[in-house]
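Note sheet for the following structure.
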Amino acid sequence: MSKRHRLDLGEDYPSGKKRAGTDGKDRDRDRDREDRSKDRDRERDRGDREREREKEKEKELRASTNAMLISAGLPPLKASHSAHSTHSAHSAHSTHSAHSTHAGHAGHTSLPQCINPFTNLPHTPRYYDILKKRLQLPVWEYKDRFTDILVRHQSFVLVGETGSGKTTQIPQWCVEYMRSLPGPKRGVACTQPRRVAAMSVAQRVADEMDVMLGQEVGYSIRFEDCSSAKTILKYMTDGMLLREAMNDPLLERYGVIILDEAHERTLATDILMGVLKEVVRQRSDLKVIVMSATLDAGKFQIYFDNCPLLTIPGRTHPVEIFYTPEPERDYLEAAIRTVIQIHMCEEEEGDLLLFLTGQEEIDEACKRIKREVDDLGPEVGDIKIIPLYSTLPPQQQQRIFEPPPPKKQNGAIGRKVVVSTNIAETSLTIDGVVFVIDPGFAKQKVYNPRIRVESLLVTAISKASAQQRAGRAGRTRPGKCFRLYTEKAYKTEMQDNTYPEILRSNLGSVVLQLKKLGIDDLVHFDFMDPPAPETLMRALELLNYLAALNDDGDLTELGSMMAEFPLDPQLAKMVIASCDYNCSNEVLSITAMLSVPQCFVRPTEAKKAADEAKMRFAHIDGDHLTLLNVYHAFKQNHESVQWCYDNFINYRSLMSADNVRQQLSRIMDRFNLPRRSTDFTSRDYYINIRKALVTGYFMQVAHLERTGHYLTVKDNQVVQLHPSTVLDHKPEWVLYNEFVLTTKNYIRTCTDIKPEWLVKIAPQYYDMSNFPQCEAKRQLDRIIAKLQSKEYSQY
C-alpha cells in the first residue's frame, strides 16, 4: 500500500487524539484562507483608491494641459480611452499581476495626447515640455493682438526686444493663420541676416512644432538648402529670399514674409524691403511683417506707408556697466584678462559672453583662455569655452545651449564662456549669461567707389550695438557688462546707429540681381536710404565691362546667366568663361576654395611648421593655383581628417568647398555649360586656367613699378603683396582677388599673369585713350602696337 493511502486511512481512524489534531489543522487552514481573502480585499480596495487618485491626477493634468493648449490656440485633449481598458485588465488579473501592473502605471502618469496636425501622430512628451517654456515667453501675452493686426493689415512693424520670443513664435502663429485660410496653402518665410541664426532657429522651431528639420520646417542659406516639398515654414538668409525672387518675382509660394532683425539694415534686407513694397501692391493676399529688436521703428513704419506698430517688451533685469579708465592698447589681451579675472574672482554663478570681431580672433582667444585656466591648477572652477561664428557647422553652433560645468567639491564655480562675433547681439539668445565683455569693435564692410576697393575693416560699434550687447547680461537675472573702452568714448565718439550696409558696399551684385528682377530704373528704385550715385555708377560700369549689361544698361544673356550663380559677378563671369578655355573643372575648384574661409591653419605655437606645410602645395605662378593644388590633394587623400591635420589644412573649409563645388556644378549643368579640363600634360594646362582668371578679374590687376612697389592698374594705388602669398618672386603683372586695407595697402590671393592677355581678353577696359599716364600704360601701348602689327600671331 502506498504511503499516501496509509496516511488517508490513518486520518479516518476513530481515535480521539488523532481527531483533535486534525480539527486544529482544519481551523488553521480556514484562518489562512480567511486572511488571504481579507488581504485580497484590502489589496483590491487599495488598488481602487490608487486608481481613483490616478484618475484625479490625470483629470488635473488634462485640465492644466488643456488650459495651456487653449491659451496656445490648440485644440483641448479628450479623455483617454486607454485607461478603461487598463482597468478591465487589472480586474481580470491575479493579485500579483494587478499589483505589479498598477505599480508600473502609478510610476509614470500618462498624459493624454492630442494629434500633431503636421505629422498626424500623437505629440511627444517633449512637445509639452517645450510648450510650457514657450508660454512663458513675453510675446505670448500679445498673441491675440498680433493675430488681430495680421488679419486686418497687409503689412506692419513689430518691435520685440531680444529674448522676447518673436523669432520663434511669430512665424508659427503665421503658419496657424495660413492654415486657417481657405484655398491653396501658401508657406511662411522668415529672413535672417546671418546663416547661423537661420540654421539654429529653424532647428529650435522644428523641435517646438514636433517635426523633423527639413520637413515642415526648413532653412535655406547660400550653398545649403535644408527644405522639402512639405516645408511650410522656411527660415533663410535675406540674400536667399532675394535669389528666390529672381525666379518667382511675386513670391507666389509665400502667404506671409517676415523680415527679421531688420534693424541690422543689411544690403539684402534693404533691397528686399524695396522689392516687397512693390510686390504687396500687386498681391493683396501677401502679408509682410518687419521685425526689429530696437525701438527706432518709426522709419520702417513711414517706409511701409505708415503701417501699424506692435511693441513687445522683453523681460530684462538690471545690468551694471563698467568702463575702463583709459583706452586699451590691445583689446584682445584685455578681453582675455577680463574673462580670467571674472572666472576667478566673481562669487556669483553665471556664464560669460565675450564679443570679438572674427574667426581668427575668436579661435585665438579660445585657445589662450583654455591654456591660462588650465595653468591655474585644480582649485579653480572648470570652464567650457565655446566659439560662435557664421562658418561653424550647425552641430557646433548648438553647443552654445549646453549647460556650464558643475561646481567642484571645494565650491569653485564652473562656467561656460561663449566667444562670439556680433551675431550674439540680437540674432541668438543664450540663457545663463550674466557677464558680458564688450571690447567695442566689429568687422564692417567698407567701400570706396573712387578706387573700387571694398574691405572688411575692424571698426568701432555704434551705441545701439553697445546697448544690445549689454542687454545680453540681463536675460535671466541681474548682470554685469564690462566695456573695454572709456565712458567718454561711448558718449562722444560712437555713432548712435550702425551705418546701413547699402551706403558702404560695392553694389555690383545688387544691381545685377535688380536687373534680373526686371527693375531697370535704379535711380527711382524705392531704397529706404538711397546709395550715392557714384556707387551705383561704379556698379553699372563693372557689369558693363564684364558684359553682363550692354551699353544701354540692359541685362545681356550672359548677365542673366551670371545672376543665377550665388557668386560675386567677377567669379560668376570667370566660371562661365572657363568653358571657353577648357578648364571649367579647375576653375570650379578654385571658385569653391575662394568662397569658403581660409583653408590654411597657422597656429601661434607652430607657425614655422605650418608655413613649411603650406609651401608643399605652393605653385610658382601664385595663390589661385596653390588653392587648386590643395583641393586636388584633399580629394586624392580621400578627404582625410588626419591628412588635413598633418598638413595644417582646415578640414571644415575643404568640406565646405567640396559642397560649394557640387552646387555650382549643378548650376552649370542646368545651363548646359560643359565641365572639362585641358590635358594635364599640356603646357597650356595652367596657362588656360590663368587666362580664365583674367576673364573675371581683369579690373583687379597691379603692375610692378621701377621703384619696386606695385601700382594698381587705372586707379594708381600703391600696394604690396600680402605676406601670406606663396609667390617667392615679384611678377611684373599680378591679378589679385582682394584689396586689404590695414596699416598698409595689401593685395591678397595673387597670380602671375601676362599683360597681352589683358588687352586681348578685355580690350574695352584696356582702351588706352582713357588710361592714366604710368609705366603700365607705356608697356601696354607697346604690346597693343605689336599685336596690331601682327608680330604676336597668338597669345
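Quick reminder: no glycine exception, Cβ is built from N, Cα and C everywhere.
Here Swiss-Prot flags G160, E161, T162, G163, S164, G165, K166, T167 as ATP binding site, drawing on sequence analysis. Per Swiss-Prot, the feature compositional bias 'Basic and acidic residues' maps to 20-62. What Swiss-Prot lists as compositional bias 'Low complexity' is 79-108. If you look up Swiss-Prot, you'll see K786 marked as SUMO2 cross-link, on the strength of similarity to another entry. The feature domain 'Helicase ATP-binding' is assigned by Swiss-Prot to 147-313. Feature annotation from Swiss-Prot assigns domain 'Helicase C-terminal' to 338-518; the stated evidence is sequence analysis. Taken from Swiss-Prot, the feature phosphoserine covers S15, and the record attributes it to similarity to another entry. The N6-acetyllysine annotation in Swiss-Prot covers K488 and rests on similarity to another entry. The feature region 'Disordered' is assigned by Swiss-Prot to 1-108. Per Swiss-Prot, motif 'DEAH box' is recorded for 260-263.
This view paints the features noted in Swiss-Prot onto the structure.
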| residue | record | DSSP class |
| --- | --- | --- |
| G160 | ATP binding site | strand |
| G165 | ATP binding site | coil |
| K488 | N6-acetyllysine | helix |
| K786 | SUMO2 cross-link | helix |
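Using a Cβ-Cβ cut-off under 8 Å and counting only residues 6 or more beyond its ends in the same chain, the motif 'DEAH box' (260-263) has close neighbours at 166-167, 190-193, 197, 269, 273, 290-294, 296, 300, 426-427, 464. Listed in sequence order, the residues of the same chain lying 6 or more apart from E161 (ATP binding site) and placing their CB within less than 8 Å of its CB are P138, A293, I312, P313, G314, T316, G471. Residue counts of the motif 'DEAH box' (260-263) by helix, strand and coil are 2 helix, 0 strand, 2 coil (DSSP-based). Contacts of T167 (ATP binding site) defined by a Cβ separation under 8 A and a same-chain sequence distance of 6+ are given as C190, Q192, A197, V201, D260, M291, in order along the sequence. Long-range neighbours of S164 (ATP binding site) (same chain, six or more residues apart, CB within less than 8 Å of its CB): L137, P138, V139, I312, P313, G314, R315. Between the CA atoms of G160 (ATP binding site) and K488 (N6-acetyllysine) there is a gap of 29 Å, rounded to the nearest whole number. Excluding G160, E161, T162, G163, S164, G165, K166, T167, which define the ATP site, the same chain contributes L137, P138, V139, A293, I312, G314, T429 within 8 Å (Cβ to the Cβ centroid), listed in sequence order.
When averaged over the domain 'Helicase ATP-binding' (147-313), pLDDT in the model lands at 95. Of the recorded residues, G163 (ATP binding site) and the residue listed as 'N6-acetyllysine' place their C-alpha atoms 29 Å from one another. A distance of 34 Å separates the Cα atom of K488 (N6-acetyllysine) from that of K166 (ATP binding site).
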